[in-house]
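Chemist: Pasting a structure here, questions to come.
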Amino acid sequence: MALERTFSIIKPDATRRNLTGAINAKFEEAGLRIVAQKRIHMTKAQAGKFYAVHAERPFYDELCEFMSSAPVVVQVLEGEGAIAKNREIMGATNPADAAPGTIRAEFAESVGENSVHGSDAPETAAEEIAYFFSGLELVG
């Protein structure tokens with residue numbers, strides 16, 4: 001597998017409960033390196049633009065409210081097959097369906113407050129990374 005980068009967000013439900021370190025440990029234990037990371041408080045407008053692909057979905061407004069309700073940690077993860085590996089570590093969107101040992105199985109509170117976001121493809125990873133980071137901030 002090729003070395004690749006993916007984008008991750010540790011969401012407000014997890015940052016409120018001080019789970020950033022525990023979640024980062026899961027990434028690192030799986031062989032992913034954190035090559036960029038910052039804690040930010042997204043505005044509702046930033047969240048809306050980031051999740052614009054979901055604008056027509058019934059949960060869009062609630063998602064934007066949630067993502068701007070408290071700080072998040074945005075990060076770039078690097079490793080062999082990083083996109084697929086991150087999605088495996090995160091677990092299913094619904095924590096009730098997430099495999100034991102995954103981030104969502106251990107930490108998520110609900111489908112809406114599921115602790116993490118991860119890119120689903122190389123194209124979206126590149127777009128999502130560029131939304132939050134300049135090339136100078138990627139220090140892997």
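Just so it is clear, glycine is given a Cβ too, placed from its N, Cα and C backbone atoms.
Annotation comment: Swiss-Prot describes Lys11, Phe59, Arg87, Thr93, Arg104, Asn114 as ATP binding site, evidence class sequence analysis. As annotated by Swiss-Prot, active site, pros-phosphohistidine intermediate applies to His117.
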Chemist: Determine the minimum-neighbour residue: among Lys11, Arg87, Arg104, His117, listed as recorded positions, which Cβ has the fewest other Cβ atoms within 10 angstroms?
Modeler: Arg87
Chemist: Measuring CB to CB from Phe59 (ATP binding site), give everything in the same chain under 8 Å that is also at least six residues away in sequence.
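Modeler: Set apart from Phe59 (ATP binding site) by at least 6 residues yet with Cβ under 8 Å, we have Gly112.
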Chemist: Judged by the number of other CB atoms within 10 angstroms, which among Thr93, Asn114 is the least packed of the binding-site residues?
Modeler: Thr93
Chemist: What's the CA to CA span in angstrom from Lys11 (ATP binding site) over to the residue listed as 'active site, pros-phosphohistidine intermediate'?
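Modeler: Here the two Cα atoms are 7 Å apart.
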Chemist: Indicate whether Asn114 (ATP binding site) is helix, strand or coil by DSSP.
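Modeler: It is coil.
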Chemist: How many Å separate the Cα atoms of Thr93 (ATP binding site) and His117 (active site, pros-phosphohistidine intermediate)?
Modeler: 9
Chemist: Taking the residues Lys11, Phe59, Arg87, Thr93, Arg104, Asn114, which the record names as binding ATP, find the longest CA to CA distance and state it in Å to the nearest whole number.
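Modeler: Taking every pair of listed residues, the largest Cα separation comes to 21 Å.
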